[in-house]
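Record features, source TrEMBL:
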type    : residues                                                                                 : note
BINDING : A:Gly120, A:Val121, A:Val122, A:Gly123, A:Asp124, A:Thr144, A:Thr145, A:Lys157, A:Lys166 : NAD(+) binding site
BINDING : A:Glu199, A:His261, A:His280                                                             : Zn(2+) binding site
DOMAIN  : A:82-194                                                                                 : domain '3-dehydroquinate synthase N-terminal'
DOMAIN  : A:196-345                                                                                : domain '3-dehydroquinate synthase C-terminal'
2 protein chains.
Amino acid sequence: MSDTLAPEAASSQDRRTVRVELGERSYDILIGCGLLAEAGAHIAAVLPKARVAIITDETVAGLHLKPLQASLDAAGIGHVTFTVPAGESTKRFEIFERLVDDVLAARLERGDAIVALGGGVVGDLSGFVAASVRRGMKFIQIPTTLLAQVDSSVGGKTGINSRHGKNLIGAFYQPSLVLADTAVLDTLPLRDFRAGYAEVAKYGLLGDEPFFSWLETNWQAVFVGGPERDEAVARSCQAKADVVAADEFEGGRRALLNLGHTFGHALESAVDYATERLVHGEGVSIGMMLAHEFSHRLGLLPQDAVDRVEAHLTEVGLPIRIQAIPGQMPPAETLLDIIAQDKKVSRGQLTFILVRAIGDSFVEKGIDRTQVLEFLKEKLDA
Amino acid sequence: MSDTLAPEAASSQDRRTVRVELGERSYDILIGCGLLAEAGAHIAAVLPKARVAIITDETVAGLHLKPLQASLDAAGIGHVTFTVPAGESTKRFEIFERLVDDVLAARLERGDAIVALGGGVVGDLSGFVAASVRRGMKFIQIPTTLLAQVDSSVGGKTGINSRHGKNLIGAFYQPSLVLADTAVLDTLPLRDFRAGYAEVAKYGLLGDEPFFSWLETNWQAVFVGGPERDEAVARSCQAKADVVAADEFEGGRRALLNLGHTFGHALESAVDYATERLVHGEGVSIGMMLAHEFSHRLGLLPQDAVDRVEAHLTEVGLPIRIQAIPGQMPPAETLLDIIAQDKKVSRGQLTFILVRAIGDSFVEKGIDRTQVLEFLKEKLDA
C-alpha cells in the first residue's frame, strides 16, 4: 500500500453537502474539489435515464466543458451542448428564444435536464429556459464562479434582463442538484473571485456576525484556495439555503439577501451593465457600504460598525465608493428613478435592507424618497 | 314590492363556485350570468389594492372590454389595457416579448395582476406573461369562450406555441380567480360554441358516464343557453378541478385530460393551426373519435361504445373524421412524427389516452409506433 492518497479519495473526504429544504422541491448542493469530473455519476443518481442539454458560455466552454462531457459519457448520459457568448448582455430575450428553440429541436423531454455550466449569467438564463420549455424540464446547476456558487445557483431565481431593469423577466424555478466544484475557482481572474467574495461577506453582514468575524481573520486563506475556501462556500450556501427554505418566493425574509443590492443594481444599471466598469459583486460591495452608511445616517447603526465594514471591504480590494466606478455616473435623480423601478419596490414605496449592527439586518419599507435622494447626492459629490 | 326580480338578484341566485384545491395556490372559479359587470368587486375582494393590466384581443375588446373597464373603475381599480390580434398565431414569442415589455413599461408590480379577457389564446399567452414578469405577478382569468371556461382557464397551464409544436413554451402558473360569465357565451359563433362543447363532452367520456348520458339528453338546452348551460360549465370545471388538484404538474392522472388531444394536436399542427380549416375543439372531437376507434382496434372497447360516441358527436354537429378537414392532409408518417414530438411523449415511447368504456379512460404508455401508423393510414384512406 502506498501512503499517498489518490486525489479522488482525498477530495471525497472533503465533500460538503448543503440541503435546500423545500418540500417536494428540496435538493442538495454538493461542494468540494473535483466534482466536475464526477458530475455524470451525481446527475445519474438524481435523474436516472435523463438526457441533458449543457448550456455554457464561450469562456467556460474552453476551460471546463470537456471534463463535464467526458464525465457524462462515462455515466452513459446522452448530451448536447449549446454555447452562448460570455457576458451580461447574453441574458436577453433573443438568446433565451434561441436556446428554447435549440432545446426543442434537440427533442429533449420534460424528464430531461438542462445543465447550466457557468457563472450567474449562464445559470439565470439556463434556469429560465429549463422553467419554460415544455412548462418545465429538470435543471442542474454547475456554477463555475464564486458568485454563482454562493449565490445565484442556489434558491431558484432565474431570469433575463429587460430594458426596464435587471432580472425583470423570469421564474422561480428550483434545480434538482447543484454541483459546486471549488477547484474550478482556480481558473477565475482575481477580479471575479473578489467580486464573488462580496456576496460571501454579505452573508456575514446580513445575519451572522461570527462568520463576518471569521472572514476578517481568514479571508486571505479563502482567496488562495484550500479548506477555508470550501468552508466559506459551504457556509454561504447554508446561509442562503436557510433563508430560501423559509421564504421561497420572496414574500419576506428572503429580501434580506438583497442587502447592498438596491443601490448595487442601480449602479449596474447606470453603467448599462458594462462589466469593464462594474461587475455585479463590485456593485454589491459599494451597495453594502452605502446601505451601512445610510443606516448610520438614519441613526440606526453606530459609526464603528460602518468603519469595520469599510475596513474589511477595502482590505480585500473591493470598491466601496461610487467614485471608484470609472467614467461618468448619472445624477442622483436618475439613480433614484432606477431604484424606484427595481422590482423590490412595493406599491410605490421604497424598500431598503438596513442594518442595526454587523450581522443584524432588516427590511424597511416606506423609506422616504427625499432622504435617499439627499444621501445619493452627497455620495456622488463626495 | 314588485314581484319582478332585479336581473342582478336573479343572476346571483344562479351563481356557482368551483374551488380548485391546490394548497396555498387554491382559487375559486365563479360561474354565472353577468359576472363581467361585477368583475371589479370580485377582483378587489381577492386582490385588494392591486392594479391590473387587461390583456385581450381585438374581437373580444369590441364585445366585452367596456363593461369590464367600467366595473374596474367602479371598484376603484387602476387599469391599463393591451390588445393583441385575435387568433392562434398570437401565441408566439414576438407578442409575448412585447407584452412583457408593455407590462414592465406600465410599472406594474408583483402584487398587481394580469387580467386575461378572452379565449384560450389570450388566457394562455397572458398567463405566461403573468408567470414571467418579475418572476410572477398575480393573474386573473375571465374566459369568454366555452372552451376557455371549461378547459384552458382552469388548471394553470400557460404558454405559447413553437415551430416545433403547440404550447411547448410556458409555465404551470395558477390564477388567483376565474370569472366565467356564461352570458358572454351568447356572443359566440355557433362553430366556436360547438368546438368548446367537444371539451365538455370529453369530461363525460374520460371519467363520468352519467354526465355523458346527461349531455346526450340535454345538449340542445346547453347549446341554447339557460340553466343547463351553466350546469354543463360548472360540471366541466369541477371535473377539471378534481383532476388538477390530484396532479397539478401532470405527473399522472392529469394526462387523462388529453383524451382526444394526441391525435387532435397532430391534426391542428398538420394544418398549421389554420382555424378556417380546424379549430382546437374540432381537432379534439376528431381526436376523441380516433381514440375510441383505436381503443376498439386494440380490443379494449366494444363497438357499441364507439357507436355511441360517434352518434353524439355527429348529432351536435362536430366533425369525427379526418376527411372532414378541408384541404390536403399530410401522410400518416408525418402525423406520427408530429405525435412523437408532442410533449406527452415520455422517453421516446408513445403515450395515448385509451378507453375501456364510456367514462373509463386510462393512460397507456409504450404504444407501438407501427400500430398507430397502420391505424392512421387506414383512417386517412377511409
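Cβ atoms are placed via backbone N, Cα and C, with glycine included.
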Neighbourhood of A:Lys166 (NAD(+) binding site) by C-beta distance under 8 A, where only residues 6 or more apart in the same chain count = A:His265, A:Glu268, A:Ser269, A:Tyr273
Binding-site residues A:Val122, A:Asp124, A:Thr145 vs A:Glu199 (Zn(2+) binding site), shortest C-alpha separation belongs to A:Thr145
Other than its own, how many Cβ atoms are within 10 Å of the Cβ belonging to A:Asp124 (NAD(+) binding site)?
-> 26
Rounded to an integer, what is the Cα-Cα distance in Å between A:His280 (Zn(2+) binding site) and A:Asp124 (NAD(+) binding site)?
-> 14
With an 8 Å cut-off on Cβ-Cβ distance and a minimum sequence separation of at least 6, pull the same-chain contacts of A:Thr145 (NAD(+) binding site), or say none.
-> A:Gly118, A:Gly119, A:Gly120, A:Leu185, A:Leu188, A:Asp192, A:Gly196
By a three-class reduction of DSSP, A:Asp124 (NAD(+) binding site) is assigned helix
CB within-chain contacts under 8 A for A:Val122 (NAD(+) binding site), separation at least 6 = A:Ile55, A:Thr56, A:Asp57, A:Val60, A:Val84, A:Thr90, A:Ala116, A:Ala148
Would you find the one among the binding-site residues A:His261, A:His280 whose Cβ has the most company, meaning other Cβ atoms within 10 Å?
-> A:His280
Euclidean distance between Cα atoms of A:His261 (Zn(2+) binding site) and A:Asp124 (NAD(+) binding site), Å = 17
By DSSP, how many residues in the domain '3-dehydroquinate synthase C-terminal' (A:196-345) are helix, how many strand, and how many coil?
-> 107 helix, 0 strand, 43 coil
Assigned element (helix, strand, coil) containing A:Lys166 (NAD(+) binding site), judged by DSSP = strand
Residues in the domain '3-dehydroquinate synthase N-terminal' (A:82-194) grouped by DSSP into helix, strand and remaining coil = 47 helix, 35 strand, 31 coil
